[in-house]
Each structure stands twice: as C-alpha cells, then as structure tokens.
Amino acid sequence: MTIPTKPDNVQWTDAQWESIYAQGRDVLVAAAAGSGKTAVLVERIIQRIIRDGIDVDRLLVVTFTNLSAREMKHRIETRIQQASIENPSNQHLKNQRSKIQQAHISTLHSFCLKLIQQHYDVLNIDPNFKTASEVENILLLEKVIDDVLEVHYDRLAPEFVTLTEQISTDRDDAALRDIIKNLYHFSIANPNPKAWLNALNQSYLDGELQQRYLKILDEYVRLYLIAAQNAIEAAYQKFESVGEYPKHITFIDNHRQFLNALLSEPRINKSKLHEYQLGRMPAKPSDVRKDEMLNKAYEEFKSSYDQFKGYIQKVQDEFVAREDDSLTEELIHLAPRVAYLAELTNDVIDAFSKAKRERNILDFSDYEHFALQILKNEDGNPSEIAQLYREKFDDILVDEYQDTNKVQEEIITSIKRGDESNGNLFMVGDVKQSIYKFRQADPSLFIEKYERFNRTDETKGWRIDLSQNFRSRKEVLSTTNYLFHHMMDSQVGEIEYDHAARLYYGASFDEVDVPLHFNVLVKDQNSDLDINEQEAHLVAQQVQTILETQKVYDTQTNTYRKATYKDIVILERNNNNARQLQQVFKDKDIPLFVNSKQGYFEQTEVRLMLSFLRTIDNPLQDIYLVGLMRSVIYQFTEEELAKIRVTAPDEVYFYQSIQHYLAFEEKEQTLVDKLNHFLDDLTKYQSYSRHHTVYQLIDKLYNDHYLIQYFSGLTGGKGRRANLYGLFNKAVDFENSSFRGLFQFIRFIDQMIERGKDFGEENVIGPNDNVVRLMTIHSSKGLEFPFVIYSGLSRKFNMRDLGRPVVLNQHEGLGLQYFDETEGLFYPSLISMTIDLINQKELISEEMRLVYVALTRAKEQLYLIGTTDDDEKLAKLRETPIEHDKLTTIERLNAKTPFQLIYSVLSKHLSTDILDQYLFAGELADKDESLRPSVSLNYIKAEDILPVEETDDTAQKRSIETLKNRLALEPTQQSTLELIEAQLLYEYPHRKATQHASKQSVSELKRLMETEQANTSYDRVRQYQLGVATYDRPSFMQEDRLTPTEIGTLMHTVMQHLPFQAEGLTDDELDAYFDKLVVHSIIKAEDIRYIRKSEIRDFINSKLYQTIATSDQIYRELPFIVNQNDVEQEGTQEDSSIIQGMIDLVFVKDGTYHFVDYKTDVFVRRKGMTDDEIGQQLREKYRVQMEYYKRALETILKRPVSGRLYFFKFGEIFIN
C-alpha cells in the first residue's frame, strides 16, 4: 500500500492523510468525536475522482441518514465544481458534474431499493410495489399476529397451552404478542431470520452449549465474589482502627479465608458457596458505643461488612441456589417451548410476507432481505448480479459503520471486492458512539475488525485511528479522557479506552483555562416541588448564568462574541422531563425549543379531536363522550351532566342516560335542545364517516366548529394550529395505506399510545431561531454546540427489559424462564439468567457510550448536573472500590445512573479526604496531560435557587395596578375607577375566622407558623394542610420497595412497641421482638428488611433508652386534645381552635414528666459542621412543634415538663 508523501503546507494530520490515500486493503478508520471524519471522507472521494481519475458513479457511499447523504453529495458536488473551474479544460471533471446526480451516495436502504427496482424479476414481485407507511406496517403486523394466534388457539398444541399459561395473564395474551413481535424484529436483523429462529432451542439441548452457559455464569459469580472479597478486606482494614476485639477479628477473618479458598479454585464450588453460613456478627462492644470516634469507625467497618454480606447473599439467592445438573435438566424441559415460540414467529414471518405481497407493499426490512436474495445464491455464494456490482464499484465507503447490523454487513460483503487484505471497502466510525442497539445495531462488527486490523500485517485490513479533536477545548477533552479511562474497558463499554481511543487536543482556542462544571443539586426535602422540578430550576439558572457571564470564542478571527440562546443546548437521556423544563423556562421568560417525539397525544387540542373521533366511532365510551360534551365545542355544564345521569343512574353507558333523559317527563327544554343538537351532530358525522375518508371527516370537524381559528387564538396558538394540521396529515398518510376507515385509524392511534410511541409536537421553530434547545443525546449525535448542559444524570437507566419471562440477545438467542406447571412457580433458567447478565453488561456499555456522546458535543464549556438527597450516598460513591485503575467491574455493572459512574470517578480527583486504596494510580503520581481533568465541583442547595412564591396580597396589588393602567387608556371617570378599586380591595371583616380550621394538628400549626415566618401566604399553607386524599396504590402500581414515608411509619411502629429493659436488649432478643411484631400482624414479614436495625440498636445503646428503661412510668402514643387559646394564652374567641396531637412517648422519672418525639429525618451534613451546629439546626426546625407539645402537656398536667427529640440519624436533642 503506497501513500503519497504529505507536503508540509497541508492542513491534514498524518492519520487524516493516511485515511484519505490508503488503498489496496480494506480500511477501518476509528474516528473519535470531532476528529473531522466527514471532511476526511469527502476528501478521500474527491482525491479518488481528481487524482485517480475515477468516475463518481463508480463509488458507493453509504450514509446513516438521508440528510447525511444529501449533505455529502452537496459537499462533493461543490468540490467538483471548484476543481472544474480551476481546470476548465479537464473533461473528466466536466463529466463528473453531470454524473454526480447519478452517484450512489445514499443510505443502504435507498441502495437496496434501487437494486430491487432494477432486478425485481429475480424476486418474482410486481414492479409497481410501494413502500409501506409506518401506519400500515404497524397495523398489518398486528393483524397478522392476531390471525396466527387464532390458528394456534384452534389447534391448542400442548406446547402452546404451556406457553400461554407461562406468559399470558388471565385477562389477555398481550405479553405473548409482545414476545412474538420482539422475536420478529430480532430475527429480521439477521441475514437468515428463520435459521436464527430455528437455532434458538439448540442451546437448550446441546451439552457443549449448556456447559458454555455454565462457564459464563461462573465468570459472573467470580466477579461478585471478588467484589465481596474487596469488601471484606476493606472491612478488616477499617476494623483495625476500632481496636483489638478477638471475636470480631476472628469472625471477619473466617470470611476472608473462606473467600480466598473459594476463589483459588479454577471452578467455583457452588455447593460449598450455597451452604455457607454467614453467621451473626458479635454485638458492638460496649466501650465502642460510648466513644464517638470509635463508634464512627465501627459504623464505617459495618458498612463494608454489609456490602460483603449483600454480595454473598445475592450470589447464594440468584446464582447458586440450584445444582448444575438441575439447571441443565430444566433446559431440556424448556426446549420444546422455545421451539414453539420460534414456530409461532416463523408463521408470523410467512403470514406477514404474504400479506405485504397481497397489498404489493415492502417495508425497510424487505429492502434488505430482498437485496440479499438478489446478491446471494441459495448456497450463500455471491450471485452473478453481485459480481456485476463488484465490477461496477471501485470503492465502497461506509459512514457510521459502528451502527451497522448483520444483514447490512452481509449486503456490503456481497458487493465488495476481494478479501480484507486486498479489498476495496473503506469503513469509518467510532464504536464509542454506537448508541442504536434498540435498532439492532451490532457494535461487535466494528469491534471485531478494530481488534484484528493493523498497519503491519498485510494479510489483514488496515486500521487508522483519528484521535485528534478539532471541536472542543482541551479541558473538555482531558476531563472526558479521565472519566472514560477509569470506567470504560472491554468488560464494560466493550472497548479498551487506551491511548488509541483517547481524544487529543487539535483545536485553536485561546489559552484561557475553562474548567468543566459539575453541579450537584442537594434536594430541598421541604419543597413541594419534586426533584425533577428542582433540577429544572437549576438548569434555567445555568442558562441565565451563561448568557450573563460567558462569551463564545471564534477560532477563525480569534475574537469573542456574547453568548446567545442558540449557543446553548440541554442534553438529556430522553425528554421525559421536558414538561417541567418548559414550565420553568416559560416562567423565567427563556425561549426553549423541545424537538420531542413525545407529548403530541397529551396536547389539549389533539385530545379533544381524538375524543370527537372516538365518540363518532363508538358513543358507548363514557370518558370520550362526556369529555366531548364538556368541551368548548358543546359546553355542557357539570350540573347538566348530573341531571342527565341522575334520571338513569342504573344505565351502563352515559349515552343510554341521554336517551333516557330525552324520554323523561320532567326534562328541561333548554337541556333537551342542547342534547338534540349534540345527537344530530353525532348522527351527521357518523353518516359522513361511512362515505368519506378520515382526513375529510377531520377537515369537516375543523370547519364546522372553527377549531383551527379557536386554538390559534389561545396561548401557544402557532403550535396548537400545527398540531391540528399534523393530525390531518397523519390521517392523509393513513388513508394512503391499505387500511381504511375511522375504526382502523383509531386502532392505529391506540396502538401508538400503547407502544409508548409518540409523534411529538409539531415543529414550529427553525434551526437558526435564537432559542435554547432541549435535545435527547441520540438526536444530538453528529452536532456540536458552544455550551452543553448535560442534565438528568441522576435519573435511572431504563432496565425494563431485564428480568422478563423471555429475554433476547442477538448473539446468545432466547432465554426463557423455567415454569413449573404443577406448582405454578417461575424462576430463572440457566440461559435466561446468563442472557440477562449479558444484556445488563451491554445495556450499561451503551449507557456509557451515551455519556461519551453527550460530553463530546461541547465546544466551549460543559455543565454536568446531577442530584442527591443524601450526603451519605455521595460519601459511599467517593469510596467506590477500584481495580486495575478503574472502578471495579461489579460497581460499573450495577450502576443505576450516569451520576453514579461520573461522580464515582471525578470525586476521586476532586476530594481530599479519600483513602489511598480508593484513589486511582494517576492521583498518586504525575498524570499524563491528556488525562488531567479540569473540573469545578459545586454542591448547590436547592433552597438557594428555588423561587420565592408571590404572596396573594402582592399579586392582588399588582393586578389592580395593571387594571388601573388599562383603565387609564379609556375615557373612564375617576369615580368609576375608585368604585372598582374599592370593590376589589374590600375585605370581609371576619376573614381570619374563615381561614382557621375548627380543629388542627400540631404538625399543621407547625407548618403554619414556619410558613408565616417565611413570609409565605396563609392560603398556601391551608392548601397544603387540606391537600387531597391519598389512598393505597393499587397492587399493580406498587413498587417492590417501601417509600421513605412508609419506612418512617414502620420505624415509628417498631418504636411504639419496643420493650424497655434496664439491661437492654441483646441482638437475639431484638430479632425475637421483630418476629413477634409479624406474628401479631403489627407489621408485614416482608417489611422487616426495611427496619433500620442498626439505628434501633443505636437507640437501645443510648443514654436515653437507659433513662426511659429505669423510669417510674412510661406512656406510649399518648393522644391529647386542648383548646388553642389555653395553650397559646393569647388571641380572641374568634381565633379559637381545638388542637389535637399524638406524643410518641411520655415517661415519669423522679416525679418529673418528660416527653420524647422520634424523628426519622434524613438530613444533609455539610462539610465542617459540628454536632452542636447540626443539633441547633434540628432543634430550630422542630421548635414550634415541641413548644406546642410542651405547652399542651403543661396545660393538661398543671406542672412543668421537659422534652427530647430523638433522631435515628443523629441522636438525642434536649428541649428546655
């Protein structure tokens, strides 16, 4: 391979120059973010045309999107024109200007379509086929699955019956249908879908494959055991700082020796591991309890031990509970069910293909598979047509190769020349940006070549690394490198982040140091706003700060300009938080554009139209019927609807109630007229829909009721109008399919909603509009922005596909859970367990790559925003264990959020109080400049950035001033203005009495006084106080864990019955007490795991417990009712209310009464704060409540009392 010498005056780097001129072998260019791959690809094409004299139509250029293809063609055409102008006598260049229009620069789907159009005779299909719309494809596939299942329900084969029992519910077979759909989509991403399906059950029958899965499971068990070993070693080291306690040392050392012995064996002894008893740790030594420093050290040791215990229990419960022989026997039992699932899916493939042929339509998967049929003979060898295309194309260039799937790879391989040592295939991409696994993209295709291709071995392809980044400031690059160097490798991330994978600075910014900003928002527990809303306020503040303080550097002119809205992008994993951001940005008058595929069906105007259409189709749907009647179109009042219903309360449908009311003797004529008008319209539109298309019906509704005009006049009218026109256009697309009628259209919409597939609001903002943009990371790929705010870091990864009854993987096949028909029990099979673990690794790997894409969009500055509600969680993340200078594999695999990964890495660089064992090697030695992060870590209290709400009085005065200003524009007399103002300002003389409840709890009075002290309106407190009724969540909505509030209630229940004994309670006695609570149905057995046992133990060991245990009398959960005036000793009779409350515990010692209030608060301990400072904060927080308790008891007992607060997270606080 000969590459021309690079002149000194060219702009290209050495790697770029090689990428442009490398020939003679297949070439893989690993192009990192911002490395100029598109420019290199265009230049390579241009040089092939100009330097090598190749015609542009003898090149096949494959892009990922149609937009990329158009941009690529435009760039090439522009360069050809420039070259032709510079060389007017060059006939070859003149020819290229005409041939560019026929150039094969397109997506692979477009290439396949042309191939089919030219060779349809090979396929024996009608050449007048059309492409199926998304609407048609969805509806037709659903119909085909219906038909196939109907056939199998008629047959009722034993395997089918078992499958339906295992997968379907009593209500429907939706789960089975979803599995078939998923299997269909997975299978068609393979060159031979039926062969892939038919091979699925082989893993269940083949002994060697079974042993392979057992080995994979062993590898994961070993990973967990290594993590457990690290945890018990950390526990051992931490206990050394506690002191010499032989029982504890022996207890820990026994665990260490057991793990060391277990891990020294080549295969994990599962029986020994499963039978291993963790035992009960010896009680905390009494002298440790009394010493604050020792107690803290002990708790740190206990935390590491609990981590060890958790790992061992997980392995015992999930991975080694059954013997290998049992696991493999279960697979043999499952094999017929897997084969039947494959048969069902094969039937769907055949039926779907037949249905499409009958309608003469093709979908995108047909493009690929028909292209393969044309290019491959039945024996798998290239066809004559493929040979022609091999001769036709001198070069095949594939952009974004990391997003290719197996079918596309097979198509490309069929038309390329030679093998990799002498081929003509040029591939460019970045596997670190492979983020389309949900579209069946297969990054392993890239990785396999990346690891095999090299420069020196001429029998293999040539790999070139483009690592220089020309987009971003060096601080963005070095911080990104640091982060991924410590968390991405072939285990998690699927590629080593080594020297070749790093980003190297290549831009020409000034030398000003611009650190990355990592903002951690500490949740305000007292705010009515949820954490997402609080985060939205921080994002908005960050935008305002950028606009006020930042400038954009122009690398061409070396000058600065002021930052504008359109310089800023907000990136999130999805747009689920878009509504909160839109509202906050609207309140702050910041223009925000959300290019979302969500929210369309939630828009008022769209919901109204869908209700109208559903009612026309079937008026026996109460929700839509009543919604339409209440809407702006017909304007029935709630009172009128009640009158209709009350005349026929026993009717099943509201439509029947209408008919009944019209026949009612005592009906109101006005209401009758409205109903007749409504029913006449309904009848008219039903008749119209039978003879006209859906879009014609929609158009008639718009015109008859002036809906376009009405919604255009509302706030956001431009977008509302676009949404209505969008619905009309979607109906046009629907009618262009092979489906017809209102019922089918509504079914299509319903399926879109059920699938969670939204259209998104119609786009009314252009790319050059000066607005802040909210984008998903996926939609930002390939783009760049001066300022990137990457928010939502603390939202959990989407792991819904893990742990399902059926799990799928392109390489591993299908994992079916074991179902015992006789017992009706489900549990993971060997293959479903293993595939779940593999899928988890692939999921976390892709989430890592999404983080990489997000970080590398930034040119000037990058802002990361995460949230926390607990400083202890941050402390644990700072001490995330490491191995081989990376976070441990298990810690990465078990990560739940991007924040967990990012903070665990960056905090090790930014914190000064971390033990050396938790630091990366680079923190202890000089660091490579490309790995030297530049980060500003900021902890921001939410209460410092949340807005203070306007009081009612202020709002009223502002409204009056606005009215005055408007009236001043009219020839209004002064007396009229004074009269209006007097009426608006009138205040009911006894208004205060109307605002007081006749009975209030102490907690409500506490909130009231705190709010008044904070200058918040009383009405706001009353709204919070009265609130709305809350009910138990339905079982199907309940999570498998308790909420913090429920845990607080559980802790109070435990304390309510806790025995007080002068000698305290041993661990065995405490466990027996918990069991007793379950036996007596005071708590649920499954809730025991949520009891904070260590905190109960700390209370038992406390001085307060000992004082109570040795007291004369104890009263638990003491209720009281007193007159508010008696307690407050002020106010008038008009203000008087009854106060009721419940005191957790009252005890009498030496004739003095004392009360105790337990608190389960989780509070944030700021760095540097002393216990006295924290105690004062907590005492002040509950001062009002404790004063009421104290006064109430003193009023009742006629003697002084003292109080104590006991915080499970802090300890006792005495109240005078």
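Each Cβ is built from the backbone N, Cα and C atoms, and glycine gets one as well.
Confidence annotation: the domain 'UvrD-like helicase ATP-binding' (10-473) carries a mean pLDDT of 93 in the model. If you look up TrEMBL, you'll see 10-473 marked as domain 'UvrD-like helicase ATP-binding'.
Residues near Gly36 (ATP binding site) in space but far in sequence (CB under 8 A, at least 6 apart, same chain), listed by position: Gln16, Leu466, Phe470. The DSSP secondary structure for Gly36 (ATP binding site) is coil. TrEMBL lists Ala31, Ala32, Ala33, Gly34, Ser35, Gly36, Lys37, Thr38 with the feature ATP binding site.
According to TrEMBL, the domain 'UvrD-like helicase C-terminal' annotation covers 474-782.
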Quiz item: Once the chains shown are all counted, how many other Cβ atoms turn up within 10 Å of the Cβ of Gly34 (ATP binding site)?
Solution: 22
Exercise. Select one residue from Ser35, Thr38: among these binding-site residues, choose the one with the most other Cβ atoms within 10 Å of its Cβ.
Key: Ser35
Quiz prompt | Secondary-structure category, per DSSP, in which Ala31 (ATP binding site) falls | solution = strand
Exercise. Count the other Cβ atoms sitting within 10 Å of the Cβ of Ala32 (ATP binding site), across every protein chain shown.
Key: 23
Exercise. May I have the list of same-chain residues other than Ala31, Ala32, Ala33, Gly34, Ser35, Gly36, Lys37, Thr38 whose Cβ is within 8 Å of the Cβ centroid of the recorded ATP site, in sequence order?
Key: Val40, Asp430, Leu466, Asn469, Phe470, Arg471
Quiz item: Per residue, counting other C-beta atoms within 10 angstroms of the C-beta, which of the binding-site residues Ala31, Ala33 reaches the highest number?
Solution: Ala31
Self-check item: Neighbourhood of Lys37 (ATP binding site) by C-beta distance under 8 A, where only residues 6 or more apart in the same chain count
Solution: Val29, Ala31, Asp399, Val428, Gly429, Asp430, Leu466
